[in-house]
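Novice: Shown below is the structure under consideration.
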There are 2 protein chains.
Amino acid sequence: MKDVQINKIAVVGTGVIGNGWIARALAQGFDVIATDPAEGAEDRMREAVDRAWPSLTKSGLAPTASRERLTFTSDIETAVEDADLIQENVPEREELKRKVLQTIDTFAKKDAIIASSTSGIKPTVLQQDCMYPERVIVAHPFNPVYILPLVEIVGGEKTNSSVLERAVAIYEKLNMKPLVIRHEIEGHVADRLMEALWREALHLVNDGIATTEEVDAAIIYGAGLRWAQMGPFLTFHLAGGDQGMRHMLGQFGPALKLPWTKLEAPELTEELKEKVIQGCEQQAGNTSIAELEEKRNEFLVRLLDLVEEYRTESESIS
Amino acid sequence: MKDVQINKIAVVGTGVIGNGWIARALAQGFDVIATDPAEGAEDRMREAVDRAWPSLTKSGLAPTASRERLTFTSDIETAVEDADLIQENVPEREELKRKVLQTIDTFAKKDAIIASSTSGIKPTVLQQDCMYPERVIVAHPFNPVYILPLVEIVGGEKTNSSVLERAVAIYEKLNMKPLVIRHEIEGHVADRLMEALWREALHLVNDGIATTEEVDAAIIYGAGLRWAQMGPFLTFHLAGGDQGMRHMLGQFGPALKLPWTKLEAPELTEELKEKVIQGCEQQAGNTSIAELEEKRNEFLVRLLDLVEEYRTESESIS
């Protein structure tokens, strides 16, 4: 892994996502400088950091963490000029993001990494107006940014691969799980998955099949419990009995033709089957399905106790 | 709520799902009789129940729970004749399920409830060959059935509404969260949501965008953590800042037109907007967004500690 020397992080745009980055970076012991042109932005930012701080304290602050290491300036040039990482979080409009990234690119140090939090725009699109596009990436976090570990790292056509490596090391220092996406697509990977579920949920409400509360209940009492510990592929690997995903695809493959969602499935070719089966077997590694099951069960029993304390659903679903 | 007197549960078909029902029913202190024509089915069933028992013990057994209250017969008539609830779990093929349900209907007590565990077939289709279709329903559980609380209850055109009420009371006695689906559709509700995400995941793997492991990581380190406690609607309600879902739909509504998934979104009409916004506001009830946030944060901090112990992902994702 690259040696990454990083002292100062600049955060451009202090909405929900920007403020989440600020709180996370402070908690991990970095100097942070933030900028936002909106009136009252600094006050809202400091309030947001204060609201996040108790959770961050419970998670464990870095020894050098301090809210006093946060400064604010309404001047973007001042904010970015000596930062090692610049995280952009302006509203999700392509032309605006491109303009802001161009400004950042002009004033940032040559070896600074410039990362956009964009949910859906490709880095190749975002970096095209920059003089030094090789250090421009997407680093897409998830709300609440100061707690959830996932960050998708995506390079554009002009991004240097060594920059991606440095970025991974930096986000690991921010106590995150960087997931490098090798092929840029709109919505990256996580939002593709969430957006599919979200659009299906909107169809169900639109068609009068279920209320928002019923849709939420259909997730939190079932799949949502599993997905905190195990993703959809490994979950189905375990649903296939001792033969795992191979049995599963044999048995439920035909269901891909059924109208169980408004989304058309890909053709289940031999090639796709093998990709999926071998992917799951590799994920399981040397752990047997019985052992995976035992671990999952222990987890679920403890998770059910935990969610019981924190459920927000009303009791009216049945 | 109806007074439900239920002593004996019959389970027809002892695969992964059937055995899950058996373990759950025994743990809640019921007599269970199981039937399956396959050779060696009884042994596999008893092994499956033994494997589930430690988790069930940790969750808390009913005082009268005992594995000795389980009997097995290869004869379906004997299995169903004096049961109060008959849960059918034969393979997911329409003609087979219809035939088995017809047999159950012939030999069951007139006031017994007959429930199919089908993932996707509508109850109206399943009940059509029965003499007493008014007591035939779908009761669709989630794997592992002995731990996950969700069960979708769906009536067909000929189902009596009082049967649905009795079914809800029965599944609550089985320590489950029954979700009554008012309009039957293929895949009910939960599988619609899961299937959309699953098909998108298959597209991502098929198109070479991500491996199965990367897809799983994109869920478990992000959305999966949230969905154990809060569904997709309430999650977005919190992502919208103080204005909640109203702000969220204003800001991200246009993204429904973008190619962020292979699934086409419904038109975001004023009517759909209001359904979604008012649904979320009703779910939130008198709890402010700040309070919901605080609760979510506390939950997530504790959940992250818990998943840390039980992660199955290899460390190779970045």
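Every residue number used here counts from 1 along the chain in the order it is shown.
The backbone N, Cα and C atoms fix where each Cβ goes, glycine too.
I grabbed these lines from TrEMBL:
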- A:Gly13, A:Thr14, A:Gly15, A:Val16, A:Ile17, A:Gly18: NAD(+) binding site (BINDING)
- A:8-182: domain '3-hydroxyacyl-CoA dehydrogenase NAD binding' (DOMAIN)
- A:187-269: domain '3-hydroxyacyl-CoA dehydrogenase C-terminal' (DOMAIN)
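Explain the structural surroundings of these features, please.
Specialist: Non-local neighbourhood of A:Val16 (NAD(+) binding site): A:Ala48, A:Asn143, each in the same chain, at least six residues away, with C-beta under 8 Å from its C-beta. Under DSSP, A:Val16 (NAD(+) binding site) is assigned to a helix (H, G or I) in the three-state scheme.
The domain '3-hydroxyacyl-CoA dehydrogenase C-terminal' (A:187-269): residue composition by secondary structure is 58 helix, 0 strand, 25 coil, according to DSSP.
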Novice: Taking the centroid of the Cβ atoms of A:Gly13, A:Thr14, A:Gly15, A:Val16, A:Ile17, A:Gly18 (NAD(+) site), which other same-chain residues have Cβ within 8 Å of it?
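Specialist: Going along the sequence, the neighbours appear as A:Val11, A:Asn19, A:Gly20, A:Trp21, A:Asp36, A:Asn89, A:Ser117.
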Novice: In sequence order, which same-chain residues at least six apart have a C-beta under 8 angstroms from A:Gly18 (NAD(+) binding site)?
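Specialist: Expected: A:Val11, A:Val12, A:Ala34, A:Asp36, A:Met45, A:Gln87, A:Asn89, A:Ser117.
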Novice: My list of binding-site residues is A:Gly13, A:Thr14, A:Val16, A:Ile17, A:Gly18; which of them have a Cβ under 8 Å from any chain B Cβ, in sequence order?
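Specialist: Near chain B, the qualifying binding-site residues are A:Val16.
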Novice: Within the chain of A:Gly13 (NAD(+) binding site), which residues six or more apart in sequence place their C-beta under 8 angstroms from its C-beta?
Specialist: A:Thr35, A:Asp36, A:Glu88, A:Asn89, A:Val90, A:Pro91, A:Val100
Novice: If you average per-residue pLDDT over the domain '3-hydroxyacyl-CoA dehydrogenase NAD binding' (A:8-182), what number do you get?
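Specialist: When the pLDDT values over the domain '3-hydroxyacyl-CoA dehydrogenase NAD binding' (A:8-182) are averaged, the result is 97.
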